Structure formats: structure tokens, C-alpha cells
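> The structure follows.
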Amino acid sequence: MQRQAYGSYQQGDLDKAERLCTGILEYRPEDFDALHLLGMLNFQRRRMVEALRFLAAALKANPDSSDALSNLGLALHTAGHYAEAISSYRSALQLVPDHPEILYNLGNACLELRRFAEAESSYDAALASKPDHVGALVNRGNALLALNEPIKALASYDAALAVMPGHPQILTNRGHTLRRLDRPVEALEEFKAALAAAPEFAEAHFEAGMTHLTFGDFDAGWKAYEWRWKTGAFARRCRSFRAPLWLGNEPVSGRTILLHAEQGFGDSIQFIRYAPLLVSQGANVICEVQAELQPLLAQLDGVRVIASGEPLPAFDLHCPLLSLPLAFKTRVETVPAAVPYLAAPAVRLDYWRGRLPQALPRAGFVWSGSSTHKNDGNRSIPLARLAALFENPPVQCVSLQSELRSADRDVLRDLPKLVHLGDDIGDFTDTAAIISLLDVVISVDTAVAHLAGALGKPVVILLPHAADFRWMRDREDTPWYPTAKLLRQPTFGDWDSVIVRLHDELRQFQR
């Protein structure tokens, strides 16, 4: 009966296999093979609770089964229990140390938990056993990219393409890596090759769109940027409403339009600028934004701003915030750049006016963004690399960091001339008030940079060698924020040159 059950499973007759295994368990309740096969049956049917129950029972019957341990790891991984999956994979590897598939799966679980160095090590071990394992080659590239090692990532993708030439996902990954290395012309060629192989491959269209935007080709760029909603990263965030999507194709006068946030705080701050334009066209405008931003953005005249999660009023049309440039047919020369378009509430200005250091001029600093951002290693600067700047600064320096990492906190203790305000900042209205009272803001590519620009304050934005598409290339200004100056790494990873230039910039504010 066991052989019949396994044969039925292999032939895809899962119902028959399940009946046979259930029959075996009626007279042999601890039969390992039947329990294990039932676990795999339920896993294949995505019945995870049952899969986990049967696989655990199988391991109780035979704790030394590497197959059952590995399959339990897969089921735990699929159920989102990544740490437990890692434990199960490691137990399996104690029995079969060089098993490439288990090592690969271990790497994938580490990748989910952002344990990128461990993931890389697992993929390396898998490749030592099976050098042509395409999944390990690709995901090693992904781990290396997360570790801010794009040159090594590129080599890993190249090795994967040698095994599987013309694969659209690998070509797209390679193109993305070339973008990270500020090689956008080559990147576009990779995306074209991916689309030649798979014309509807959304990720390649999306990446190509961002590359066009980097070049300032807004016509092609914003159009291709709409493909984001068909990518894996964005599809689950795509909103579905009865009201139609508005992309500038019909008048809005006398109609109610919902604008809704879709990405980060900085994106919302940057693209909320379009809301007053819709008001000027006679639309009733509702903006749904992150709750953390609602008190600040509620200052917009003529716009009703509600926090995400609140009940939505009736509306006739809707548009995601980052689709507004397409809807308005925005080009580099027509970016709506009148600043300030945001303002801090008077009550917060009064509160902070008496709490800031009185020495002038005053500069606010943000050297890192969210540690969970996928590009954090590329865009953030460890405070230790900036420490010399604060030893004898030409201006009064204050920290606007809301997230202070433990290593940075240790460095901060030895920098008495950098006054840390971040622990006392409640929300974006506080940040806006502080910025309004400063002479200049210095920030890496975070929401604070956008906020300073939206408030019309001088802001120096510190950018990696290959900056985000919105900052384009080969320019120190930006059409989005006329008060901003961009300081870019001259080569990949070279923050030292940026810091030297920053010191010169700060001297200009010295009184």
C-alpha cells in the first residue's frame, strides 16, 4: 500500500495517495513514510497547518530523516516562520552537510530575515557542491546587492546567465545592478534583452522606466513606471476601487478625486505638490497619506488630508501619488517646483523656537535612513565617517535623526558639538518646525531631504554614486527642489570626497 501511495503521489493523484496513507495510519499510526507523504501532500495543496502537523509527527517517528527535516523547513518557510525554518534546515544539514538544495533553501530563509551575510555563505556552500545551481547563483547576487557589493553581485548574475542564457529575470537583475553601478546605458540594454525574451515582463519595464527617468526622459520614464503595479513588489499594494483610475485623460472640475500614498514618507512629501494643481482645476481633492504625515500635510489649503486606515469618503476618481507626473505629462522643464508648498504649524514653531541651541547659524543633520530600507547600505553614512566634521564645525550642528543606531549612539556620545534632537521629535510637524528654524539641512536621501525642500529651506543632499532616479545624473541641482544642492559620490562608496565638499559648503553659512 505504501508503494501504491507513493506512486499515486508521483503521478499527481493526490486524492488517492491521501486515501492510501490514511488507510496505512489506521493500523500503523506512527508509520513514518505515510506521515511524511501526508505532510508533503498537504504542503503541495498549501494546507500548511496540516502539512506542519504531519511533518512534525513524521519526525517524531524518525528524528534522523534529513528529507523530513528539509521538508519541514520548506513548510515552515512557506508559512512565514523563517527562524524555525532555518533551525530545521540546519538540523538536516547535520545529517547531509553538503546537500546543495538544503543549503540553497537555508540561504533563502536567511534572505527573508535580512541576514544577508549568512545567506551569502549558504549560497556559497551550495555552489561548492553544485556550481551550476542557478537559484543559488541568482540569490547570491541578490544577497551581495543587499550587502552593497554590486560588483560581486554582477559576477554572480553573469555566472547564472552562463547556465541559463537569456533568462528575463536574471537579465533584469543584472540591469538593476548596472544601475547601482551608475552604468545606465548598459542597464537599458539588459532590460531590452529581457523584454525581447518576455515582452510583458513587468519588472524589466519598471526598471527601464526608472532608467529613463534617470536620464531625464520623463515621457518614456513615467509611462514605463506604471508597470510597477504588475511587479511582485507592488502588486500586493495595488488598490482596487470602483471609481476609475485617473491619469489625466478626463477633466476633474466639479469631481472628487482621491490621491493615495503608495510608497515611503519622502515619496508622499515629494508628490503631494500636485494636489493644489488639481484644486486649481476645480477638483475636490482628498489625499490619503501615512498617519505619521497626516498632521503636517493637513496644512495644505483646499485639500482634505486623511490618514491611511481611516474610512474613505465617496470619490469619483483616484490616482496613486507617483502616477501624478504621468497624469500631468510632467517633463523636466515643467516640474511644479514652487516652494514652499508645505509649512510647519505655528504652535510647533513656537514650541521649538525656545528649545533649539541659540548659536547661529544652525545646521540640521540626517546621516542615515531606515535600517530596513533595501538600499540602506548604499544611501546611509555611518556617523563615525562624519565625526571629524563635528569636531570644530563652522556652524551650530543639530541631529534630526529619528532612528539612531546603536553604533551611531556610541559615536554621538563623543561629539559634544552635535546636539541630538531626534529623541524629542514626536512627528513630522516637529521635524518641519525645527527645519524651518534652521539655516540649512544636510541629509542623505531620506524623507527629511524632501521635507526641507518642500519647506523651501536650503538643503544639501548627500547622494551615492548611482542615486535614485529622481535625482537624475551629472547635476548638482534638481528640478524638484530649487533650494537643494546635490553632492554625489564621485565613485562607488566614496563618502570621504562628499564629506570634504560638505565642509566647504558649511563654511558658506558661517557668519
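Note that Cβ sites are derived from N, Cα and C of the backbone, with glycine treated the same way.
Nobody curates TrEMBL annotations by hand; they come from automatic prediction.
As annotated by TrEMBL, repeat 'TPR' applies to 32-65, 66-99, 100-133, 168-201.
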> Over the repeat 'TPR' (168-201), what is the model's mean pLDDT?
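Taking every residue in the repeat 'TPR' (168-201) and averaging pLDDT yields 97.
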> Who are the chain neighbours of the repeat 'TPR' (66-99) in space, where the CB to CB distance is under 8 Å and they lie at least 6 residues beyond its ends?
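Distant Cβ neighbours of the repeat 'TPR' (66-99) are 32, 36, 39-40, 43, 46, 48, 51-52, 55-56, 58-59, 105-106, 108-110, 112-113, 125, 128-129.
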> Which numbers of helix, strand and coil residues does DSSP report for the repeat 'TPR' (168-201)?
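Secondary-structure breakdown of the repeat 'TPR' (168-201): 27 helix, 0 strand, 7 coil.
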